[in-house]
Amino acid sequence: MARCSVCGAPAVAYIRYQKRYMCRDHYLEFVESKVERAILRHRLVRRGQRVLAAVSGGKDSSTLLAVLSRLSGKLGFELVALYIHLGIYDYSEKSREASLRLARQLNVPLIVFDLKEVLGAGIPELARASKRPPCSVCGMVKRYVINAAAVELAADAVALGHNADDIAVYNLKSFLNQDLEAISKLGVRTESIPGVAVGRIRPLYYVYEKESFLYSLLAGLPFLHEECPFVDRRQMEVELKETVNQLEDKRPGLKLQMVSKLAKRVEDYPKPGGSIGRCPSCGLLSSGGECSFCRVTRRALGRPMGPVVREWFRRRAEELGLGASRRSSLS
């Protein structure tokens with residue numbers, strides 16, 4: 001039986017790019033230390049700040065919330081979680097239950113935003129009414145709702161569960177498409193724009209997908225093992241992920257090299273052009289005219305729903321005692 005390279009206990013994992021075996025306790029510590037180093041190195045969170053963690057019920061967001069909850073006391077930041085019920089049949093209901101169990105287990109406050117309850121329509125209905133692909137609508141809706149929540153809850157940062165595999169694949173896809181502006185958005189953090197957008201951080205930036213999965217299992221975290229029914233296995237990201245995994249098998253540590261170099265050079269890539277303004281309907285970030293969320297919901301539901309979403313979170317913030325005393329600094 002293989003033994004932990006640190007303490008000699010029975011090993012549960014082998015880190016190929018480090019050529020080290022690890023027992024359960026030292027493996028959990030290994031992942032947590034990766035996240036802590038990323039937070040400190042890139043100054044993702046400062047003492048006294050409020051972090052809104054977006055959870056989906058999947059393994060990565062479970063690992064994200066668990067590690068942040070363990071580090072919040074040590075690093076002195078406040079943690080709140082957000083789950084968006086997308087109305088995607090049984091999948092969303094199972095994801096919600098997993099997120100609720102996770103939040104209870106970690107004792108982290110969780111806000112559940114239900115699209116059908118607030119908007120009267122979920123992703124399937126919005127996709128049909130707007131005549132756009134479900135994945136396109138879903139990504140746009142999640143980005144908007146997360147940002148609206150962060151603004152109204154007076155969060156200083158939004159934590160996302162993107163892992164090293166995700167970043168490596170997004171980077172490669174953007175390069176192949178010569179979408180260099182998209183690469184500029186793949187850093188460990190993005191900055192806030194006062195009043196309209198809260199900056200995003202990626203604490204799992206240096207954590208492999210397999211490492212995140214094993215962490216969730218060893219830590220006993222609840223998460224949904226199913227894939228979203230709308231995922232298209234023919235998408236370019238799926239094929240690129242398989243290619244990157246094959247390269248990683250031949251060259252252990254390749255993904256880490258890719259994301260580490262990207263983190264150092266991301267500022268060299270061109271930023272998206274155009275002016276930054278406020279949506280005339282909801283007041284949040286827009287690159288020109290009405291924001292995508294208000295435009296799509298106006299077309300699908302008859303009116304822009306951005307103001308409704310903001311008001312919902314404003315009420316929740318007041319009920320939870322969040323945001324009210326600090327909102328002036330974000331408006």
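Residue numbering: from 1, along the chain as shown.
Glycine residues also receive a Cβ, built from the backbone N, Cα and C atoms like all the rest.
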Candidate sharing the ATP site with Ala54, Val55, Ser56, Asp60, Gly161, Asp166 (per TrEMBL), from Ile39, Ile84, Ile183: Ile84
Sequence-distant neighbours of Asp60 (ATP binding site) in its chain (C-beta under 8 A, six or more apart): Gly161, His162, Asn163, Leu204, Glu209, Ser212
Listed binding-site residues among Cys4, Ala54, Ile84, Asp166 whose Cα sits within 10 Å of Cys279 (Zn(2+) 2 binding site): none
For the domain '2-thiouridine synthetase TtuA-like N-terminal LIM' (3-28), residues assigned helix / strand / coil by DSSP: 5 helix, 8 strand, 13 coil
Cβ contacts of Asp166 (ATP binding site) (under 8 Å, same chain, 6 or more positions away): Glu209
Packing count at Val55 (ATP binding site) (other Cβ atoms within 10 Å of its Cβ): 26
